[in-house]
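What TrEMBL records for this protein:
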- 1-36: region 'Disordered' (REGION)
- 63-99: region 'Disordered' (REGION)
- 90-99: compositional bias 'Gly residues' (COMPBIAS)
- 139-160: transmembrane segment (TRANSMEM)
- 180-199: transmembrane segment (TRANSMEM)
- 211-233: transmembrane segment (TRANSMEM)
- 239-260: transmembrane segment (TRANSMEM)
- 326-344: transmembrane segment (TRANSMEM)
- 374-396: transmembrane segment (TRANSMEM)
- 445-465: transmembrane segment (TRANSMEM)
- His458: active site (ACT_SITE)
- 471-490: transmembrane segment (TRANSMEM)
- 502-521: transmembrane segment (TRANSMEM)
Amino acid sequence: MEQPGPIAPMSDSDEAPPAVHRRPPRPARGSGGAVERFAAALRRRVRSGASVAARASFAADSGDEFVAGEPSSSSRRRDTSGDASSAGGEAAGGGGGGGGAGGVDFSAFTFRAAAPVHRKAKESPLSSDAIFKQSHAGLFNLCIVVLVAVNSRLIIENLMKYGLLIRSGFWFNATSLRDWPLLMCCLSLPVFPLGAFAVEKLAFNNIITDAAATSLHIFLTTAEIVYPVLVILMCDSAVLSGFLLMFIACIVWLKLVSFAHTNHDIRKLITSGKKVDNELSAADIDNLQAPTLGSLAYFMMAPTLCYQPSYPRTPCIRKGWLIRQIILYLIFTGLQGFIIEQYINPIVVNSQHPLKGGLLNAVETVLKLSLPNVYLWLCMFYCLFHLWLNILAEILRFGDREFYKDWWNAKTIDEYWRKWNMPVHKWIVRHIYFPCMRNGISKEVAVFISFFVSAVLHELCVAVPCRILKFWAFLGIMLQIPLIVLTSYLKNKFRDTMVGNMIFWFFFCIYGQPMCVLLYYHDVMNRIN
């Protein structure tokens, strides 16, 4: 038996091959019953599932939306006279005379020229009423492509102009040996936590009074922060080495304050039987105990600034995950060094003091520096707050790993500071903000005190290694207070708009940080010269 071949073109003498979807036969003229039967067959065909599929296909081709429950133009007129239905059937059949033979569904031709195209009121996709009701994934992809293209051009231009600037001696060279006093200072900092532990042991055993313990803690914390300052100022050390020492010293200072304040509160609750504001849970009661040397050592190494006798712990250390995080940490640390040496240094060295040159020149330099500064800042955030803190947490099996929140979506400056650095935020809320509120200080003054302490620590971390006192970092932090008022006002006025988010990105990444880098660099160069 022969296999059927492809359908050949029809000629006048050939018989038409059978079609899967054959249209109803047209009635002969003058036969009234035949007309009614033809109209009934046409209505059944229009109401069939094939008609729905055909209308959906037609709507997709025409760019219109198709709703399955929406009746077609033919079904809306199915109650018209038989003559009109017959005429419609003849028009459809005439328009698709070869459709049945070619395998095309007869119901696809129910969209005639008389069918309406505009059925309801619609907004343009970019109008104010419709722009936020649809996806903009394509435009987002365009931004990514443009960003990659622009940055690729900048990378090529930088390599053609300067070549590869980073060298093997970037991280360590012969001049780094002069910073050994800073290393010795860093290694001797654990003496101060041991002193704080001895003070607490004496206080819990009632050997010294609470006032004496508080005085000794004030002396220890003050000496802990003054000691590295004196070492840096007396030694001719590099700025980066001094910054690392001051950064570690400030962390130890924050931990010592938390250790002293928390144990002071625990002593009052245990010894004096002071009532608390609300009922304590079992976990809270377990934390009301005297410090041990093990709890202090764990706290000093843990990725937190708030002391408590015990912390939530994970069941085990994930060795494979830990190795991957360490590899990523090394990669991003190298990337930060590459950005600094290859992109930021040439711009800063060839710039003028932003407050002494022309306005346009200062704006151009700040904008040129803003792009690599954003990349460096994001790499620093990912490297420090995500990779490094998670590495410490995994090694120590520290359970609470909420080191940051979605600060990139912050709509006010206040929201940013509450989400950007969770360890510092929890420390300020626990040891500054709430104690001020409990002592009758207003909320506004408590916020001011919180930002003042933060501004002093930022100034110490930058001004001491640079050996200048210009208060740029201090002013940068204190100016956050009027920005908080401004962004909160805009959020309340425009009902949860993203204007505050754009202001945050502009002042932090486009203007604030590049301006501080230029100011401190030129002030340091002027001091050296």
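Backbone N, Cα and C atoms are what each Cβ position is placed from, and that goes for glycine too.
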Beyond the flanks of the transmembrane segment (374-396) by 6 or more, those residues with Cβ under 8 Å of it: 298, 301-303, 314, 317-318, 321-322, 325-326, 328-329, 332-333, 335-336, 339-340, 344, 403-404, 421, 423, 509-510, 513
What is the total of other Cβ atoms whose distance to the Cβ of the residue listed as 'active site' is within 10 Å? 18
Please work out whether the transmembrane segment (445-465) lies in contact with the transmembrane segment (180-199), by counting C-beta pairs under 8 angstroms that are 6 or more apart in sequence and asking whether there are at least 3. no
